[in-house]
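Lifted from TrEMBL, the feature list:
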| type | residues | note |
| --- | --- | --- |
| DOMAIN | 33-148 | domain 'Tetrahydrofolate dehydrogenase/cyclohydrolase catalytic' |
| DOMAIN | 171-319 | domain 'Tetrahydrofolate dehydrogenase/cyclohydrolase NAD(P)-binding' |
| BINDING | 197, 198, 199, 265 | NADP(+) binding site |
């Protein structure tokens, strides 16, 4: 999904013509990449598009969620997604299932959602219990209803399509990162981007997205086998930290004026107080060196949720013949 999210700034074309604002290499006080503000704008646009779908096409988009077990964090995440749905007029379809559900019974639920006309798109909340074959479940999702954009078919389409407009769902976090930059007038054409972390939800698909011809970045994907990460950091115009290691990216390692996006989230418990906090991958002092920085929370996270909604709305627009 190359999601058209607002006005002429649509990513259906991914042919952005934006004026670059960042003076790479020049030490400046970091500007904030405000994901909450950008996500609000996207949701306002999506609400209008949902209204058109309802009033002119008799079609109401529906987001389904499959949640297995009683993990509090997963329940919180799913609840947030349905709160977002209400804000833009998308119907919510919740399938909350017991933690001891069998593989066969879970597969039946997936099949039901695939056939349900009210479910435009849906997600399976991860992680799944250890006795469930998660890959088999995810691959069973109808690719056209893959709201996360992570089905092997949709990732394969991203691999194959270097230049043409995308007509299938894009992974939400990588797409959210791109939209956050675009909405701040930042072009990545010819820029050196270092992605730290090779996970399937962010690092690997982000590299594919950024090297598409309409974006045209030069991407290095760093991981646990990377030698001299410091040297890569010092050369990078843009750093996307998505490794899940608290504050691993330090201010002194960054190129002055670089764009820094903190995607990592780790729960850290204070041994003295027992209090648990969410910590990103980037040292807060990086704001003194970077040209632009995304806060964590409040940066990429809200954009990820907005792109999930965009995937569902776009799927409905394809059903209605609004999008090809």
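Just so you know, glycine gets a Cβ as well, placed from its N, Cα and C.
Features recorded in TrEMBL, as mapped to the structure shown.
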residue : record               : contacts (Cβ under 8 Å, 6+ apart)
197     : NADP(+) binding site : 203, 222, 223, 240, 241, 242, 243, 244, 263, 264, 281
198     : NADP(+) binding site : 204, 221, 223
199     : NADP(+) binding site : 242, 244
265     : NADP(+) binding site : 244, 278, 279, 280, 296, 301
Largest CA-to-CA spread of NADP(+) binders 197, 198, 199, 265, angstrom: 15
For the domain 'Tetrahydrofolate dehydrogenase/cyclohydrolase catalytic' (33-148), the number of residues DSSP places in helix, strand and coil: 63 helix, 19 strand, 34 coil
